[in-house]
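This report refers to the structure that appears directly beneath it.
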Amino acid sequence: MARGGAGAEEASLRSNALSWLACGLLALLANAWIILSISAKQQKHKPLELLLCFLAGTHILMAAVPLTTFAVVQLRRQASSDYDWNESICKVFVSTYYTLALATCFTVASLSYHRMWMVRWPVNYRLSNAKKQALHAVMGIWMVSFILSTLPSIGWHNNGERYYARGCQFIVSKIGLGFGVCFSLLLLGGIVMGLVCVAITFYQTLWARPRRARQARRVGGGGGTKAGGPGALGTRPAFEVPAIVVEDARGKRRSSLDGSESAKTSLQVTNLVSAIVFLYDSLTGVPILVVSFFSLKSDSAPPWMVLAVLWCSMAQTLLLPSFIWSCERYRADVRTVWEQCVAIMSEEDGDDDGGCDDYAEGRVCKVRFDANGATGPGSRDPAQVKLLPGRHMLFPPLERVHYLQVPLSRRLSHDETNIFSTPREPGSFLHKWSSSDDIRVLPAQSRALGGPPEYLGQRHRLEDEEDEEEAEGGGLASLRQFLESGVLGSGGGPPRGPGFFREEITTFIDETPLPSPTASPGHSPRRPRPLGLSPRRLSLGSPESRAVGLPLGLSAGRRCSLTGGEESARAWGGSWGPGNPIFPQLTL
């Protein structure tokens with residue numbers, strides 16, 4: 001009877017081997033088509049699309065490696081009675097199958113979690129770099145799945161009767177009790193997490209959001225029309241997250257946040273994710289969990305368990321492409337997929353700076369700016385300007401898109417001063433040029449500090465030049481002229497060398513108003529200075545600072561800004577040094 005049972009088992013497995021091979025090839029092509037279709041339809045890969053592509057890639061590996069290996073071995077055994085499983089092939093099959101089974105379970109759970117997060121907390125989802133978190137989640141999923149599934153191949157199995165001794169018995173009860181329990185618990189956790197997240201998503205979509213919309217309409221009907229007219233906030237059916245494009249002071253886009261989806265798109269994506277979760281739970285998760293439980297309970301692996309596990313794994317790889325194809329958002333025709341294949345082969349889509357992104361159901365084209373916030377010299381020719389579609393992000397609807405200007409000093413500096421409080425010109429490059437390496441001293445006599453005569457003479461000449469420039473067009477004219485025409489060259493000519501005096505930079509800093517109330521005062525008309533009371537600005541750490549007697553530790557240490565009043569300078573008349581400071585109290 002044992003031989004007859006073994007013969008029936010072998011016959012059932014061999015009769016299904018050809019079907020597994022054909023279905024595996026079809027699943028491989030279908031999932032590859034889905035990946036190309038998603039890539040072609042969505043120019044900007046969002047976390048949800050990335051997880052769908054990873055799930056399709058996992059199914060490709062499932063159909064290509066373990067299922068195809070099992071089918072080929074069964075066909076070889078059918079063709080030759082001497083051929084059988086060996087230890088290496090069986091270990092590779094078991095490791096790859098359980099790695100991909102766990103990776104599929106966790107990827108589906110992560111997909112449902114991201115959808116719940118996006119629907120329930122839309123603002124937090126867009127501000128939390130969900131794409132990076134999705135990539136990290138996929139890396140963790142594959143690492144955990146691979147480590148756990150590789151342990152049976154390196155010794156974590158039943159040593160009494162090894163699973164690769166007679167054939168390849170890959171059901172968890174034949175591998176070992178410890179592995180079977182760990183695998184079943186992880187599988188159960190992934191299934192429960194996916195179902196809970198889908199339930200919260202459906203509740204938020206079908207009940208919570210319509211209830212808030214009714215409350216908003218009720219509030220808008222009471223007083224919203226008086227407050228804001230037809231476009232008041234109270235008359236909106238629900239809260240919408242605006243699309244945000246973040247740019248720096250140079251006009252270059254640094255990052256962007258997508259706005260709220262339309263009701264149709266949101267419902268389509270929610271239905272797709274829910275269908276994928278229920279598909280996996282009904283065809284793969286629950287059947288494999290039931291088989292594992294009964295096999296561990298009875299410590300046996302009858303043929304129906306092997307057939308059920310293999311066919312359930314094959315069915316999910318075939319049905320996932322059909323589910324994604326049913327969603328209009330990710331459905332692409334043959335021409336679009338072919339163009340995507342050509343672009344991938346020619347590596348035309350590798351440069352992200354020249355591409356276009358999809359925001360607010362329109363197209364946005366990135367425009368590169370120079371240091372002044374204007375387009376480069378080559379784009380001044382009207383013949384080189386390309387026409388954009390009628391609906392794009394350069395002129396977006398005001399309630400849908402917001403543009404933010406984030407200067408470089410705000411992103412890269414530790415200074416927490418609110419630089420947005422002071423209005424600036426859009427083309428201004430130096431929104432804030434820190435003067436932390438300068439020192440301003442107003443002595444009673446310019447020669448009292450013991451400065452070198454060469455420097456003092458140069459200083460007087462520079463002050464006379466500054467007075468002449470300010471009389472002509474303002475003290476900031478030379479620096480702004482350098483920024484506006486010195487970089488690109490005036491009139492399109494070659495740029496002049498950056499021959500820029502330090503005193504001009506210091507004057508620009510001191511005459512530029514800062515937003516902080518405790519900062520230096522803003523630009524004011526220059527008052528006539530008494531003879532000998534010319535401001536002198538030295539750098540902490542320069543040879544001039546050591547010549548006038550600054551402490552060595554201060555000049556070699558942290559740079560700071562020191563400002564002294566005119567009264568303190570008049571009250572002090574002697575020499576000064578480390579033990580006799582010029583100012584009674586200084587803040588570093």
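These residue numbers are counts, starting from 1, taken along the chain as shown.
Cβ atoms here come from the backbone N, Cα and C positions, even for glycine.
Sequence annotations record features per position, and here Swiss-Prot assigns compositional bias 'Low complexity' to 530-546.
In the three-state DSSP assignment, the secondary structure recorded for Asn86 (N-linked glycosylation site) is coil. Positions annotated as N-linked glycosylation site by Swiss-Prot, on the basis of sequence analysis: Asn86.
Feature annotation from Swiss-Prot assigns phosphoserine to Ser413 (among others).
The phosphoserine annotation in Swiss-Prot covers Ser435 (among others) and rests on similarity to another entry.
Marked as region 'Disordered' by Swiss-Prot: 445-474 (among others).
Annotation comment: Swiss-Prot describes 511-550 (among others) as region 'Disordered'.
Annotation comment: Swiss-Prot describes 1-17 (among others) as topological domain 'Extracellular', evidence class sequence analysis.
The feature topological domain 'Cytoplasmic' is assigned by Swiss-Prot to 39-49 (among others), with sequence analysis given as support. DSSP states for the topological domain 'Cytoplasmic' (39-49), grouped as helix (H, G, I), strand (E, B) and coil, give 6 helix, 0 strand, 5 coil.
When Cβ-Cβ distances below 8 Å are used as the criterion, the topological domain 'Extracellular' (71-91) is approached by residues 10, 13-14, 16-18, 20-21, 24, 152-153, 163-164, 167-168, 170 of the same chain, each at least six residues removed from its ends. Annotation source Swiss-Prot lists topological domain 'Extracellular' at 71-91 (among others), citing sequence analysis.
Feature annotation from Swiss-Prot assigns topological domain 'Cytoplasmic' to 113-133 (among others). The average pLDDT for the topological domain 'Cytoplasmic' (113-133) in the predicted structure is 88.
DSSP states for the topological domain 'Extracellular' (155-174), grouped as helix (H, G, I), strand (E, B) and coil, give 3 helix, 0 strand, 17 coil. Per Swiss-Prot, the feature topological domain 'Extracellular' maps to 155-174 (among others); the stated evidence is sequence analysis.
As annotated by Swiss-Prot, topological domain 'Cytoplasmic' applies to 196-275 (among others).
For 297-303 (among others), the entry in Swiss-Prot reads topological domain 'Extracellular'.
Positions annotated as topological domain 'Cytoplasmic' by Swiss-Prot, on the basis of sequence analysis: 325-588 (among others).
Residues of the same chain lying 6 or more positions beyond the ends of the transmembrane segment (18-38) and with a Cβ under 8 Å from any Cβ of it are 49, 52-53, 56-57, 59-60, 62-64, 67-68, 70-72, 75, 310, 314, 317-318, 320-322, 324-325, 330-332, 336-337, 340-341. Look at Swiss-Prot and you will find 18-38 (among others) tagged as transmembrane segment.
Distant neighbours of the transmembrane segment (50-70): 17, 20-21, 23-25, 27-28, 31-32, 34-35, 38-39, 89, 92-93, 96-97, 100-101, 103-104, 107-108, 110-111, 114, 131, 134-135, 138, 276, 310, 313-314, 316-317, 320-321, 324, 330; these residues of the same chain sit at least 6 beyond its ends, with a Cβ under 8 Å from one of its Cβ atoms. Feature annotation from Swiss-Prot assigns transmembrane segment to 50-70 (among others).
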Recorded stretches the transmembrane segment (175-195) and the transmembrane segment (304-324) touching, at least 3 CB pairs under 8 Å:
no
For the transmembrane segment (134-154): best-contacting stretch of 92-112, 276-296, 304-324, by Cβ pairs under 8 Å:
92-112
If you draw a 10 Å sphere on the Cβ of Asn86 (N-linked glycosylation site), how many other Cβ atoms land inside?
11
Could you give the residue numbers and ranges of same-chain residues that sit at least 6 residues beyond the transmembrane segment (92-112) on either side and whose C-beta is under 8 angstroms from one of its C-beta atoms?
48, 51-52, 54-55, 58-59, 61-62, 65-66, 69-70, 134, 137-138, 141-142, 144-146, 148-150, 152-153, 163-164, 168, 170, 175, 183, 186-187, 190-191, 193-195, 197-198, 201, 273-274, 276-277, 280, 284-285, 288, 313, 316
Please give the sequence-distant neighbours of the topological domain 'Extracellular' (155-174): residues at least 6 beyond its ends with Cβ less than 8 Å from one of its Cβ atoms.
73, 84-87, 89-91, 93-94, 97, 180, 183-184, 291-292, 295-296, 298-301, 305-306, 309
